[in-house]
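*Asks:* One structure coming up, written as C-alpha cells, with questions to follow.
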Amino acid sequence: MSFLSAEEKNLVSGLWGKVNVDEVGGEALGRLLVVYPWTQRFFQSFGDLSSADAIMSNAKVKAHGKKVLNSFSDGLKNIDDLKGAFAKLSELHCDKLHVDPENFRLLGNVLVCVLAHHFGHEFNPQVQAAFQKVVAGVASALAHRYH
C-alpha cells in the first residue's frame with residue numbers, strides 16, 4: 001500500500017516534471033548549509049563555505065545539490081518502494097559517511113521551501129502536503145540503514 005494517494009502522486013509528478021534539478025538542487029543544498037551550519041562539516045572539501053554568499057555561489061555545492069536531486073528524482077520513479085530505491089544511499093550515508101539521519105529531514109524541509117519559492121501559487125497547500133509526505137518518506141528511507 002502506498003503512503004500517497006493517486007491524487008497526491010499526480011500532484012507530485014506534475015510539479016516535479018517542471019523542476020530545474022540543477023538550479024533547485026544547488027539552492028536547496030546551499031540553503032541547508034547556510035541555515036544549519038553544522039551540516040557543513042560533511043562538505044569541508046568543497047572549499048569556501050565562509051558566508052551565505054560563498055556557499056550559494058560555490059560550484060561544488062551546486063554540483064552536489066544537482067546530484068542529490070537527481071537521486072531524489074530516481075527515487076520518485078519508485079515512489080511505492082522508497083526504502084528499496086534509497087537502500088544503497090542509506091548504506092553509504094550510514095556506514096561510510098556517518099551522516100546524522102536528522103539531516104535528511106532537514107534537507108527535505110529546505111527542499112519544500114525552495115520549491116514553494118520557485119513555484120509560488122502553483123505550490124498550493126495540496127501540493128505542499130503531498131511533497132511533505134514525499135520528503136518524509138525519502139528521509140525515512142535514507143535513515144533505514146541506521147535502524
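Cβ coordinates come from backbone N, Cα and C, glycine included.
According to Swiss-Prot, the record shows the following:
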type: MOD_RES; residues: SER2; note: N-acetylserine
type: DOMAIN; residues: 3-147; note: domain 'Globin'
type: MOD_RES; residues: SER45; note: phosphoserine
type: MOD_RES; residues: LYS60; note: N6-acetyllysine
type: BINDING; residues: HIS64, HIS93; note: heme b binding site
type: MOD_RES; residues: LYS83; note: N6-acetyllysine
type: MOD_RES; residues: CYS94; note: S-nitrosocysteine
*Asks:* Between LYS83 (N6-acetyllysine) and the residue listed as 'S-nitrosocysteine', find the distance joining the two CA atoms and give it rounded to the nearest Å.
*Replies:* 14
*Asks:* In the domain 'Globin' (3-147), how many residues does DSSP assign to helix, to strand and to coil?
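*Replies:* The breakdown for the domain 'Globin' (3-147) reads 119 helix, 0 strand, 26 coil.
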*Asks:* Fill in the CA-CA distance, SER45 (phosphoserine) to CYS94 (S-nitrosocysteine), as an integer in Å.
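*Replies:* Roughly 19 Å, rounded to the nearest whole number.
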*Asks:* Measure from the CA atom of the residue listed as 'S-nitrosocysteine' to the CA atom of LYS60 (N6-acetyllysine) and give the result in Å, rounded to a whole number.
*Replies:* 22
*Asks:* I'd like the Cβ neighbour count for LYS60 (N6-acetyllysine), meaning other Cβ atoms within 10 Å of its Cβ, all protein chains included.
*Replies:* 15
*Asks:* Hey, what's the Cβ neighbour count for SER45 (phosphoserine) at 10 Å?
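*Replies:* The answer is 6 other Cβ atoms.
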*Asks:* About how far apart, in whole Å, are the alpha carbons (Cα) of HIS64 (heme b binding site) and the residue listed as 'S-nitrosocysteine'?
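*Replies:* It is 18 Å, counting Cα to Cα.
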*Asks:* Measure from the Cβ of CYS94 (S-nitrosocysteine) and count the other Cβ atoms within 10 Å, all protein chains considered.
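*Replies:* CYS94 (S-nitrosocysteine): 17 neighbouring Cβ atoms within 10 Å.
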